[in-house]
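Reviewing the structure listed below.
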Amino acid sequence: MSQQRHLYTAPEFTLTDLHENLKQRCIMFTRTKKRLRSRFCGSGKTSGVTDERVLKSPLEFGWQRETRIRSVAGRLQGEVAYFAPCGKILRRYPDVTKYLVQNGIMEIARDNFSFSPKVKVGAFYEAREGPEEKEMQRLQAVMRKQLETEKRRQDIMLIKAEENRKKAEEKERVKQEKTEEKRLNKERSLQLKRLALAKAKALKKPNKDMCLADLKCSPKSLVCKDTTAKVRLMWRSWRNTK
């Protein structure tokens, strides 16, 4: 029985195929380096990529980028969202990085995404105000007005409370001043009374220099015609009766 040998023939590669293969490997290496750099160096900062050609790369792999513009308090605000090929919505850079790592996506990196509404990539939509949004805005306006009214009322209450506190302090101060004044007046009156009593006692005491050592009684038959002598006799008799 003859044995048949199967010889392995290597596929033929042209120079163009090798060049294309090398080019693809260089592209894959560059994208992998960008992905690793974005994962370990720039996960917490906003991407500064503004090149539209770089930002359009996810769209070539089935991604969708939508920017919704709406008016908030008279100012335009934009909200950017990416839709993965599976339909998942990504609204933040950490979500994008996590999705790329979990799904092993190497063709694009974090630098190919931008959540800035100023970038003109993808579809733009203008959010119109429906009945629910109008009602929500009306309720928010009513709530803001109520909050302002309540705040104004609380401010007035605080001002009145402060005024009442100052009035009470002033009233207490006046009361203390009056009490202190009454006490001082009472002490002054008592002191004046003590001085008056001391003076009266001093007047009632006999003075030694006014008394004569050789004082003799006048004769009973003595008649004083002089008024001064009469007064002296009356004063002496009054003193003797005390």
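Don't overthink the numbers, they just go from 1 along the chain as shown.
Just so you know, glycine gets a Cβ as well, placed from its N, Cα and C.
Under the heading coiled coil, TrEMBL lists 144-187. Sequence-distant neighbours of the coiled coil (144-187) (same chain, 6+ residues past either end, Cβ-Cβ under 8 Å): none.
Per TrEMBL, domain 'MBD' is recorded for 49-120. Across the domain 'MBD' (49-120), DSSP classifies residues as 21 helix, 20 strand, 31 coil.
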Across the coiled coil (144-187), average pLDDT on the 0 to 100 scale: 91
